[in-house]
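*Asks:* One structure is given below, represented as structure tokens, and several questions about it will come after.
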């Protein structure tokens, strides 16, 4: 390789976002023709057995892709020598059913076409199928991602939004991931399914001055809703698994009820309720509350764009044989 070639390679490896992945909808048509059929079958079986799998997998997808792109780095287990993203504090509540689903799909595909399908493509494909399965829009996804060669807990902080962050901060985080304010509002609509643990919103409903008081109501929240949440989460400090549905009315259906809830003070998380009042985000909340088709279209396009950002290629990734371990793992 001449000096120019070496310089170009150095630049690409130093700035991986410059790498262009060759993604396509039929990427596995020749190398693993049963890919989609196998994935959908495993996803269907798992969702029927554990109905919270859809919301859990969608959350796993976001926690993976917000940190350096959709590269399955969230799936890597920590070792004695290194703590992975999976063990960052914000990821401790990620559901086991979602990890189990990816393991099941990977195992089935390895039996059919060994060392072909990446874990990152599996996570993206599973998320697409589950969103559709629970009533959401069809998301056009492409494949060809490679899995990351690194997963570091220290890379997580500042990449994922927390419920108590300001709207400026949240918009900045999504902006760093290449997403506009409108795309952010559309993607946050994923909270139309799933639940949140009481500890994630306890500081909002339990005021230190009037704790457990029936007349305390957080700003922007429906008073009766706040009172019911306090009853539900009364013992959350003793039971860390206590939780509430993000969408109190249609928690298992992917629809636009989430936005309607925000308009009437039924936003569970402080950050969710805030988007209904901020001048930058409220117009999109109102639009999606009034028009589910507009929400579905915006969500599908944002998901497609998001899933294709900062994709790993042969130069900075590979296809893991096991999703929770690197290929050179020696135990």
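Quick reminder: no glycine exception, Cβ is built from N, Cα and C everywhere.
Relevant sequence annotations retrieved from TrEMBL are reproduced here:
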- 63: active site, proton acceptor (ACT_SITE)
- 64, 67, 69, 71, 73, 85: Ca(2+) 1 binding site (BINDING)
- 191: heme b binding site (BINDING)
- 192, 247, 250, 255: Ca(2+) 2 binding site (BINDING)
- 32-113: disulfide bond (DISULFID)
- 65-70: disulfide bond (DISULFID)
- 119-323: disulfide bond (DISULFID)
- 198-233: disulfide bond (DISULFID)
- 22-327: domain 'Plant heme peroxidase family profile' (DOMAIN)
- 1-21: signal peptide (SIGNAL)
- 59: site 'Transition state stabilizer' (SITE)
*Asks:* Neighbour count first, Cβ atoms within 10 Å, every protein chain included; then name which of 59, 63, 191 tops the list of recorded positions.
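*Replies:* The most densely surrounded of these recorded positions is 191.
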*Asks:* Determine, to the nearest whole angstrom, how far the Cα atom of residue 73 (Ca(2+) 1 binding site) is from the Cα atom of residue 65 (disulfide bond).
*Replies:* 9
*Asks:* Just to be sure I understand: of 32, 119, 191, which recorded positions have a C-alpha no more than 10 angstroms from the C-alpha of residue 247 (Ca(2+) 2 binding site)?
*Replies:* 191
*Asks:* Of the recorded positions 63, 71, 250, 255, which one has its Cα closest to the Cα of residue 32 (disulfide bond)?
*Replies:* 71
*Asks:* Name, in the order they occur in the sequence, the residues of the same chain whose CB lies under 8 A from the CB of residue 113 (disulfide bond) and which sit 6 or more residues away.
*Replies:* 28, 31, 32, 34, 35
*Asks:* Cα-Cα separation of residue 67 (Ca(2+) 1 binding site) and residue 250 (Ca(2+) 2 binding site), in Å?
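*Replies:* If we compare the Cα positions of residue 67 (Ca(2+) 1 binding site) and residue 250 (Ca(2+) 2 binding site), the gap is 30 Å.
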*Asks:* Which of 64, 71, 85, 247, 255 has the fewest nearby Cβ atoms, counting only those within 10 Å, among these binding-site residues?
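*Replies:* Taking 64, 71, 85, 247, 255 as the binding-site residues, the minimal 10 Å Cβ count falls on 255.
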*Asks:* Given the binding-site residues 69, 191, 192, state which is nearest to residue 59 (site 'Transition state stabilizer') when distance is taken between Cα atoms.
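*Replies:* Nearest in space to residue 59 (site 'Transition state stabilizer'), counting only the binding-site residues, is 191.
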*Asks:* Roughly how many Å lie between the Cα atoms of residue 255 (Ca(2+) 2 binding site) and residue 119 (disulfide bond), rounded to a whole value?
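*Replies:* Between the alpha carbons of residue 255 (Ca(2+) 2 binding site) and residue 119 (disulfide bond) there are 28 Å.
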*Asks:* Between residue 191 (heme b binding site) and residue 70 (disulfide bond), how many Å separate their Cα atoms?
*Replies:* 20
*Asks:* Applying the rule Cβ within 8 Å of the centroid of the Cβ atoms of 192, 247, 250, 255, what extra residues of the same chain belong around the Ca(2+) 2 site?
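*Replies:* Along the chain, the qualifying residues are 193, 249, 251, 253, 254, 256, 257, 258, 261.
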*Asks:* Compute the C-alpha separation of residue 198 (disulfide bond) from residue 69 (Ca(2+) 1 binding site), stating it in Å without decimals.
*Replies:* 29
*Asks:* Let me know the most crowded of the disulfide-bonded residues, choosing from 32, 70, 233 and counting other Cβ atoms within 10 Å.
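*Replies:* Going through 32, 70, 233 one by one, the largest Cβ count within 10 Å is at 70.
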*Asks:* If you count other CB atoms within 10 A of each CB, which of 119, 198, 323 wins among these disulfide-bonded residues?
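*Replies:* Going through 119, 198, 323 one by one, the largest Cβ count within 10 Å is at 119.
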